[in-house]
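Trainee: Have a look at this one before I ask anything.
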Amino acid sequence: MDSNTVSSFQVDCFLWHVRKRFADQELGDAPFLDRLRRDQKSLRGRGSTLGLDIETATSAGKQIVERILEEESDEALKMTIASVPVSRYLTDMTLEEMSRDWFMLMPKQKVAGSLCIRMDQAIMDKKIILKANFSVIFGRLETLILLRAFTEEGAIVGEISPLPSLPGHTDEDVKNAIGVLIGGLKWNDNTVRVSEALQRFAWKGSNENGRPPLPSK
């Protein structure tokens, strides 16, 4: 196993632990808590794939971070922070909409790269809106946290989520997954629209690579 893969996992585990302690003091906002929950699932998946114990990895990650901080001057830290591009977190969904359980009468699931697409094929003749929570950098979607399809009544009928065991995806991966979800939902004569934020940052409102723009609400 590559040593960089192991040390990266160890550092991620320790940093998650620090963020969890921060959240336990009721200091985190909704996007912070959302990322914390998602990252926990991702770490569990990575730990299972790598065959590493999370508690042991957290202790090792702490030692790595402490060593780095001992060698880091305040001035170097300021320069590093200033040079890192800042991403924005956009939320179409509330925390309740993101965490709500949902069920499918006729479930269909497909994996596209590192994204899992789920939809209920029993849904027919409905008006559906796609909402997503995601981060944006340089004017483009950076990381999809979660996308869900809602009927006008508020029922969840579809979802696109990152696979915890396969972290990392591009905006092109998200576009392809959205296309699959829309195609599946339209099969039963449903009308599908997307949120304005998703339209703007995932599709950029243009015909990139021959795709028509998605209909927005």
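Quick reminder: no glycine exception, Cβ is built from N, Cα and C everywhere.
Quantities reported herein were computed from a predicted structural model and do not represent experimental measurements.
Copying in the features that Swiss-Prot gives for the protein in this structure:
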- 1-73: region 'RNA-binding and homodimerization' (REGION)
- 34-38: motif 'Nuclear localization signal' (MOTIF)
- 137-146: motif 'Nuclear export signal' (MOTIF)
- 180-215: region 'CPSF4-binding' (REGION)
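For the listed features, I'd like the structural context: burial, neighbours, distances.
Mentor: Note on the region 'RNA-binding and homodimerization' (1-73): mean pLDDT across this stretch is 87.
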Trainee: Which residue counts does DSSP yield for the region 'RNA-binding and homodimerization' (1-73) in the helix, strand and coil classes, in that order?
Mentor: 61 helix, 0 strand, 12 coil
Trainee: Where else in the chain does the motif 'Nuclear localization signal' (34-38) make close Cβ contacts, counting only residues six or more beyond its ends and a cut-off under 8 Å?
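Mentor: Residues 16, 19-20, 23, 28, 89, 95, 98-99, 133, 145-146, 162.
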